[in-house]
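Participant: Here it is, the structure, as structure tokens.
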Amino acid sequence: MEGGNSPNLQLQQLPLATAAVSVQPHTDSFSYKENLIGALLAIFGHLVISIALNLQKYSHIRLAGSKDPRAYFKTKTWWCGLFLLVLGELGVFSSYAFAPLSLIVPLSAVSVIASAIIGIIFIKEKWKPKDFLRRYVLSFVGCGLAIVGTYLLITFGPNSHEKMTGENITRHLVSWPFLLYMLVEIIVFCLLLYFYKEKNANYIVVILLLVALLGSMTVVTVKAVAGMIVVSIQGNLQLDYPIFYIMLVCMIATAIYQATFLAQASQLYDSSQIASIGYILSTTAAITAGATFYLDFTGEDVLHICMFALGCLIAFLGVFLITRNRKKSVPFEPYISMDAMPGMQNMHDKGIAVQPDLKASFSYGALENNDNMPEIYTPATLPIVQEQHGSKGVSAPPYRVLEHSKKDETCFWKLPDKGLQGPSSTIQGR
């Protein structure tokens, strides 16, 4: 009886094993849906952020070009931009809870594409079709490359999904790959900060590397905080874990210092250089941090990794071409110090610097004149001869200075008319 029952038991267990195997494709399809949801949220957020920033910029420009005495925060356009900015940031923040970190970070190229398209649509100058294409050919090529790179990133992005619980985040935090990565990052950050602060190495790569290293920690903590909030909303409360508040504090601190270094970079370099170089460095550092902390590429085959890297390179090239076409802002200088002009004569007897002549300049304070420069700066000379007392028969020059006695300290200027001297023809002065 026992031998006859054993085949029946094996036959009954076979469908159960088959059903267990069929669960894996369903899980993979669900993870791809999560990737798509996260990517769409990130794209939506970056688009809305780009529109919001352009709206606020338009509000400032409109107030500056009009006689409206209102402040910018009293206009509807600025508040609309602020609302869209908060909405976009919420979209990007929530996208980290659905898709892997290495997939969400490169999608910030969407904001660069949107800014380029908005700038072309709302341009005020009128161009001929030939000049328009010649001027914006790099922008069109860059937008196309960035779109192709974004498609490759979404298609071949990492597919690793893990619930952001307090236990999982703590386990990743104390893992030896991340500890080794953190040690290397801290050493590099301290060296860059030393050269930047002590050696005055104000190179754009140095400043943006500091921003990128801080930004990699920002996105790691953002994903942890957003993931734990989503898990808590789903019913498994995670807000009572201390790791949640540690990640929250680290997220706020790194974001503040990151904004500080970005503000310093914007004072020294052009915004187009900061956008292109900062995007490349920040994306590379964030992908490395995500692959080390969250193990995004674990289990991925070589083809998917290579195609994902190709998508990143194409997106990098597209962003570089888009920002390459932007005009560099020329700062307006109302005057130039005379001390900075070697060989120029000083027009003041006390050595105070004055504005030099600027050819073809219409700025305020320029000494614009069509006359000859030597004639302007050459002082007029008069033949002055000192008259000697007691000398006779010497022809007097048109203008003559008479010696004055030290006692009286009154000088007499002799006028050439008829050689008259006396109270009516002399000018006394001290």
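Yeah, the Cβs are placed from backbone N, Cα and C, and that goes for glycine too.
Note: TrEMBL annotation is automatic and uncurated.
Annotation comment: TrEMBL describes 36-56, 77-97, 103-123, 135-154, 174-196, 203-231, 243-262, 274-295, 301-322 as transmembrane segment.
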Participant: Looking only at the recorded stretches 77-97, 135-154, 243-262, which one has the largest tally of CB-CB distances under 8 Å to the transmembrane segment (103-123)?
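Facilitator: Ranking 77-97, 135-154, 243-262 by Cβ pairs under 8 Å to the transmembrane segment (103-123) puts 135-154 first.
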Participant: Counting Cβ pairs under 8 Å that are 6 or more apart in sequence, does the total for the transmembrane segment (274-295) and the transmembrane segment (203-231) reach three or more?
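Facilitator: They do touch: at least three Cβ pairs between the two stretches lie under 8 Å.
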Participant: Counting CB pairs under 8 Å, which listed stretch among 77-97, 135-154, 301-322 touches the transmembrane segment (203-231) the most?
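Facilitator: Between the candidates 77-97, 135-154, 301-322, the best contact partner of the transmembrane segment (203-231) is 77-97.
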Participant: By Cβ distance under 8 Å, which residues at least 6 away from the ends of the transmembrane segment (135-154) in the same chain are close to it?
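Facilitator: The answer is 35-36, 39, 43, 103, 106-107, 109-110, 112-113, 116-117, 120, 127, 307-308, 310-325.
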